[in-house]
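Only one structure is covered here, and it is reproduced in the block below.
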Ligand SMILES: [Zn+2]
Ligand SMILES: [Zn+2]
């Protein structure tokens, strides 16, 4: 097939619009969607310091490249943050990929590890908590998710960032929306939608400049532009429910192209209402007695998880190499 714009050989067919794209016009289309998302919701202001969370995976690495490109025309500061959860065999190569990409783009890169900032790697946590008696067991992903969120916020503050950019793409966003709808957890949808909300002075606002770009297009963008990314999956990832939702949405998209964008548009329309009703404000939030990050209780989830693991680790000899 030929590019709908210039007639050159097409490399991509966007079924949701019916258009074909050559390599050059595909790149233009992706970059335009990214720029328009930033512009439409004023995600970045001139001169701001933006931290970008880079795991080494396709989304975050492509996000860093697009931000670096945007910065050429629209000056702002950029610093890359990588969280090292301490997962043997999986993290070391992806941290290397994040570092090499940042180096190539001339972006300052900082690594924050679970080991240094929480006290345990994820592997150690699984080893310690794995012997949990019935009813106490919480999966590795629960610890990892809570700690990563906490440490990303800590890191963003530590580097003096005004905002934290994360690599959520269209598919992530639509899956998250549908998952929370199906669980009846509407409050969770009020946290970060199309634009950011200033919730608490200790919480660096999150922005998601890739939320209008399908996963497929991010993969192709990385390949076409020779960007080194990590395609491997976390060995602990077993989110069965999310996988079902993903397959179901992909099937609907296949049969009814444009479904994902329609779901996103619904979310965008609902977001202001949800945020207004459910988002907790500074006045309703406490500072964690241990770390100072915002929480609804006395001690935040990240600190209470850490205390749990510390308690359990007493008298436990670690087998995982440091
Ligand atoms: Zn073309
Ligand atoms: Zn805390």
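Here the Cβ of each residue, glycine as well, is placed from N, Cα and C on the backbone.
If you check TrEMBL, you get these features:
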BINDING   3, 6, 22, 25  Zn(2+) 1 binding site
BINDING   53, 54, 55, 59, 83, 167, 172  ATP binding site
BINDING   288, 291, 300, 303  Zn(2+) 2 binding site
DOMAIN    2-27  domain '2-thiouridine synthetase TtuA-like N-terminal LIM'
DOMAIN    50-228  domain 'tRNA(Ile)-lysidine/2-thiocytidine synthase N-terminal'
Surrounding residues of the domain '2-thiouridine synthetase TtuA-like N-terminal LIM' (2-27) on its own chain - C-beta under 8 Å, 6+ positions past either end: 217, 220-221, 224-225, 253, 257-258, 260-261
Filtered binding-site residues, from 54, 59, 300, whose Cβ is under 6 Å from an atom of ligand 2: 300
Most crowded position, judged by CB atoms within 10 A, among 6, 83, 288 as binding-site residues: 83
DSSP-derived class (H/G/I helix, E/B strand, else coil) of residue 59 (ATP binding site): helix
Residue 53 (ATP binding site): secondary structure state under DSSP, collapsed to three categories: strand
The domain '2-thiouridine synthetase TtuA-like N-terminal LIM' (2-27), counted residue by residue under DSSP: helix, strand, coil: 5 helix, 8 strand, 13 coil
Neighbourhood of residue 55 (ATP binding site) by C-beta distance under 8 A, where only residues 6 or more apart in the same chain count: 82, 83, 94, 98, 167, 230
